[in-house]
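Report on the structure given below.
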């Protein structure tokens, strides 16, 4: 194939994708306005077929709404930093919270901070500076860290379900089963599995040559959107990605369901109403966090193509990548009086004698 024929074919592909996007993308105001990048020429690909940057999907191309999105994301991000920062501080300051449940909760807050920091600051910067560009290296880093934190969090939530199972179903053996060494090993396994998962999928995705333009229909770099830009037949790789993700999610989901079946059976056998209420109060926050994590993520990736649109994809991406890290601290502290009291004392500076913060 000559250079001129390659250039002509590439131009036809770009023009065809441009025309399809202009016909298929609906006009919408807040979460999906006409994309400025669709009317701008795509970046010309070199013979290496690796772009130097990608163009992300903006929330809007109206300047006033861009600033509104910047303000909303800034508020959400600061709330997430505050909430996920107060819980580790409270755990460190009060010896009563030095238990396996709060050790895992501390790890969860670190993963939540990592998840929201991977996507939100770049989206805020693009809205503030009226741009949609992200460099190739930034995109690689975003894909890696997002999948690292998300997959590690799912593994950790599964481990936390086991912790609740042991605490309620085997309370007399809880201290023996969930000793400090076991807890550290479990947390390390969650982080390690997330790292391995991220390395495999990031390397698999970016080993493909990309020549179908450089525009992503998402506000951050996401593997399915990148695979759509591949020159080669990426269906097998995309199918492999889906199968691996479903296998991981299914295994953890089955374990979660079995754990909570045993937990609810044990709770219903507790004779006193106060005991049942206390047992439920330790499980409901975790169950709410898991439900939010799974429902938004599974619907975003497994929804039927017939209900797929740029506006819906954008909204779902915000729900599964931004909202859980922001609301998880609120969910865990809402029904936990012990944690809520310590967090309040940390916030107000009224630390009692029982709370010894290391200097």
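Sequential numbering from 1, following the chain as shown.
Each residue, glycine too, has its Cβ placed from N, Cα and C.
Where the annotation comes from TrEMBL, it is an automatic prediction and has not been curated.
Here the transmembrane segment (67-87) has Cβ contacts under 8 Å with residues 59-60, 105-106, 109-110, 112-113, 116, 120-121, 123-124, 127-128, 322-323, 325-326, 328-330, 332-333, 339, 343, 346-347 of the same chain, all six or more residues outside its ends. The transmembrane segment feature in TrEMBL is assigned to 67-87 (among others).
Taken as a whole, the domain 'G-protein coupled receptors family 1 profile' (83-332) shows an average pLDDT of 86 in this prediction. TrEMBL lists 83-332 with the feature domain 'G-protein coupled receptors family 1 profile'.
Packing against the transmembrane segment (99-120) from elsewhere in the chain are residues 73, 76-77, 80-81, 83-85, 87-88, 91, 142, 145-146, 148-150, 152-153, 156-157, 159-160, 163-164, 167, 178, 183, 186-187, 190-191, 219-220, 282, 289, 321-322, 324-326, 328-329, 332, 339: each is 6 or more residues past its ends and has a CB under 8 Å from a CB in it. TrEMBL lists 99-120 (among others) with the feature transmembrane segment.
What TrEMBL records for 140-162 (among others) is transmembrane segment.
As annotated by TrEMBL, transmembrane segment applies to 183-200 (among others).
Per TrEMBL, the feature transmembrane segment maps to 239-261 (among others).
Taken from TrEMBL, the feature transmembrane segment applies to 282-302 (among others).
Sequence annotations record features per position, and here TrEMBL assigns transmembrane segment to 314-332 (among others). Outside the transmembrane segment (314-332), and at least 6 residues removed from its termini, the chain residues within Cβ reach (under 8 Å) are 31-32, 57, 59, 73, 76-77, 79-80, 83-84, 86-87, 105, 108-109, 112-113, 115-116, 119-120, 146, 150, 218-220, 222, 285, 288-289, 292-293, 296-297, 299-300, 303, 339.
Within the chain, the transmembrane segment (183-200) has long-range Cβ neighbours (under 8 A, six or more residues past its boundaries) at 100, 103-104, 107, 143-145, 147-153, 155-156, 159, 162, 244, 248.
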